[in-house]
Amino acid sequence: MPEQFVLKTAKYGKDKVRLLKVYRTPQKQVAVELTVRLMLEGDIETSYTKADNSVVVTTDTCKNTVYYIAKHSQNVDTPELFAQELTQHMLNHYSHIHVAHAEIIKHKWTRILVDGKPHAHSFVRDGDEVQTVHVTQYRKGDRVECKSGISNLLVLKTTGSAFYGYYKDQFTTLPEVWDRIFSTAVDCTWTYNKHSVAAFRNIDFQRVFDGVKKITLETFATDDSASVQATMYLIQTRILELFPEVEETYYSLPNKHYFGVDMSKLAGGIDNTGKNLDVYQPVSDPSGLITATVSRKPKSRL
């Protein structure tokens, strides 16, 4: 019987809306490529339970809205602000929509250097990492929640990493190492603690993004790493120390393994171990996966 069941959650919208926005001035042009997901919640349950389409703002409308806002926005290059413009538009225009979500992937385009100078209108994709943003805006309280991030930032260091002193039992076969290759693909997010629209739109998002990436790369490079866990935690605490507008950080660091090739049976025996180890084989899986969320301690109410 239908009355025995309840629709607990419902959300819909348009996914994989791709766009390229070009800002043109006489001096230079800016190219911004995004992939957008726009999702809606609200008084839409009858479209599920009663086949009532009158409450449905179509997913095609969501797609068209993305392009409309992109046409008029000066903030497409700052995905946090552009995402909030999308969510604000949906709440303003549709009174039965109470929550709007905008998730954005910003794809990388870097200016080509010509004679050592950035070209005015030519670009190259010089890495696989992307910038990510997830903005949720609630009609109740006009509250904004934002989580920004970096995904697939591939890094490698050839020394300055060790792993020893770990728990051992009858199932442990991993040998201790005092010097090893450390490589990972960084996936990280940081959550802002500014929730009013006015405070949110005053955040210097580019400064935070540049700072998080700089801390991540410099700490990875310079830390005499005792483990992935220790290096990860150091990165996260440094971010929270530098940026008071960030409430918490999440990092996911999968091991990208490089194992020494056994060459002892080649050409009468070649030593490719210890100080002579310089030929490695990349191994994709299985791989370790290390994650952590680091946040500020709750403020005392006393």
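Every residue, even glycine, has its Cβ placed from backbone N, Cα and C.
In TrEMBL, annotation is done automatically, which means it is predicted and not curated.
Using a 10 Å radius centred on the Cβ of Lys14 (active site, charge relay system) and all shown protein chains, the other Cβ atoms total 19. Per TrEMBL, active site, charge relay system is recorded for Lys14 (among others).
The Cβ of Thr59 (active site, charge relay system) has 16 neighbouring Cβ atoms from other residues within 10 Å, across all protein chains displayed. According to TrEMBL, the active site, charge relay system annotation covers Thr59 (among others).
Close to His257 (active site, charge relay system) in the fold, though at least 6 residues off in sequence, lie Ser183, Pro282, Val283, Ser284, Ser287, each with a CB less than 8 Å from its CB. Taken from TrEMBL, the feature active site, charge relay system applies to His257 (among others).
All protein chains shown were included, and the count of other CB atoms within 10 Å of the CB of Val228 (urate binding site) stands at 21. For Thr59, Asp60, Phe163, Arg180, Val228, Gln229, Asn255, the entry in TrEMBL reads urate binding site.
The feature 5-hydroxyisourate binding site is assigned by TrEMBL to Asp60, Phe163, Arg180. Cβ neighbour count for Asp60 (urate binding site) (all protein chains, 10 Å cutoff from its Cβ): 9.
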Local Cβ density at Asn255 (urate binding site) - other Cβ atoms counted within 10 Å: 17
Cα-to-Cα gap, Asp60 (urate binding site) vs Lys14 (active site, charge relay system), nearest whole Å: 7
Number of Cβ atoms other than its own within 10 Å, given for Arg180 (urate binding site): 20
Max pairwise CA distance, angstrom, over record-listed 5-hydroxyisourate binders Asp60, Phe163, Arg180: 52
In sequence order, the recorded positions (Thr59, Arg180, Gln229) whose C-alpha falls within 10 A of Lys14 (active site, charge relay system): Thr59
Greatest inter-residue Cα distance in Å for the urate-binding set Thr59, Asp60, Phe163, Arg180, Val228, Gln229, Asn255: 52
